[in-house]
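TrEMBL annotations:
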type    : residues                                                           : note
DOMAIN  : 1-357                                                              : domain 'Aminoacyl-transfer RNA synthetases class-II family profile'
BINDING : ASP71, LEU72, THR73, ARG98, GLN114, ASP118, ARG267, TYR271, TYR272 : L-histidine binding site
Amino acid sequence: QGTRDHPPAHMALRDRLLAAVVACFKRHGAAAIDTPALELQETLMGKYGEDVKLIYKLQDQGGELLALRYDLTVPFARYLAMNKITNMKRYHIAKVYRRDNPATTRGRYREFYQCDFDIAGQFDPMIPDAECLKIVHEILSDLQLGDFLIKVNDRRILNGVFAVCGIPESKFITTCSTVDKLDKMPWEEVRSEMVGEKGLSPEAADRIGEYVQLHGGLDLIERLLQDPKLSQNKLAKEGLGDMKLLFEYLTLFGITGKISFDLSLARGLDYYTGVIFEAVLLQQENDHVEEAVSVGSVAGGGRYDGLVGMFDPKGRKVPCVGVSIGIERIFSILEQRVKASGEKVRTTETQVLVATPQKHFLAARLKLISELWDAGIKAEMLYKKDPKLLKQLQYCEDTGIPLAAIVGEQELIDGVVKLRDVTTREEVRM
């Protein structure tokens with residue numbers, strides 16, 4: 001099916017993860033919104049480039065052609081346009097659907113969660129963009145997933161590169177989606193796809209190759225600003241100027257150590273108009289290897305200034321920039337780690353089990369557990385009239401419940417409860 005069932009241990013891990021992500025989004029002042037899983041097909045078509053074939057289209061429902069949402073960005077743009085909202089900072093965590101070839105071991109499914117953070121509104125250049133990158137840095141640092149790198153580029157720089165390499169504008173988008181494969185394929189294969197499938201001349205492909213294999217920081221931006229060909233292109237010059245500004249802000253945030261200006265980054269979606277970024281986890285092969293290898297993208301995003309205008313009857317534009325955290329990919333990594341370490345994941349947050357050492361004490365347990373629930377304490381009891389005490393304590397150990405509140409004949413006479421620490425077996429009367 002390419003989808004999966006989520007057992008309690010997975011859900012507990014997911015909750016822990018999502019809590020960290022949501023805490024970060026809220027820290028940055030974002031409000032939560034929700035949009036429907038179903039959208040009109042026309043809302044989604046023409047927004048995703050070659051990925052449009054991955055949209056789940058539903059059958060005609062009496063004249064309405066609907067589809068399942070492919071991401072959370074396009075519905076957000078539609079929502080802004082419909083409600084005439086020109087200014088918003090939001091987050092949205094929900095399922096999206098893709099008719100993809102699933103790779104479940106790598107966290108690729110047909111139904112999966114996305115965690116999006118977006119800033120919509122007319123602001124001074126690169127300030128919201130820098131905040132989106134700071135958020136990615138914060139989340140990946142908080143989750144302690146290991147070493148990571150955030151690649152940054154700009155669609156205007158890429159389009160400028162294509163223009164100076166002699167590519168006609170009609171082929172910019174398809175060339176872009178081929179360049180986007182550079183993180184998965186060597187340059188030779190990307191080049192042969194450009195020439196063989198996309199109809200570029202070998203000379204043009206070679207000229208593109210000289211640029212798209214470059215990566216660095218401020219020094220590379222300065223070098224490209226002096227490049228005799230690129231500096232003559234208006235789009236590329238604009239993009240490089242903004243990239244320089246972005247790196248100045250990222251320096252102030254103190255995060256440039258994890259950021260790379262990478263000209264091979266293209267991101268396949270049609271709607272990006274400016275800065276684009278993608279975070280990858282790095283993995284040391286062994287101690288003797290200098291170069292770290294990427295283990296896949298865990299976050300991505302960019303600027304999409306034209307998308308809201310596509311849904312506005314008058315074409316009014318609302319500039320937007322956003323980031324999506326690939327939570328399913330991160331789940332997969334965490335699950336593998338937990339499995340490898342043999343660590344047990346607590347599947348409930350129960351604080352105390354109400355237990356009894358004798359028979360005929362169900363009424364006492366029910367009264368006590370009711371008091372605990374009413375007081376906001378997370379409590380459980382076994383659903384048996386007369387369970388054995390050993391069985392009740394074993395349940396605590398199996399599920400990781402830290403405390404047992406024991407009430408028996410003597411406790412009832414004395415008006416106390418015996419509180420037992422399940423791990424240390426220490427007991428106190430209260």
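Cβ from N, Cα, C; glycine included.
Positions of TrEMBL features highlighted on the structure.
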residue : record                   : CB count, 10 Å
ASP71   : L-histidine binding site : 19
THR73   : L-histidine binding site : 26
GLN114  : L-histidine binding site : 19
ARG267  : L-histidine binding site : 23
TYR272  : L-histidine binding site : 25
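Within the set ASP71, LEU72, THR73, ARG98, GLN114, ASP118, ARG267, TYR271, TYR272 that the record links to L-histidine, no two Cα atoms are more than 21 Å apart, and one pair reaches that distance.
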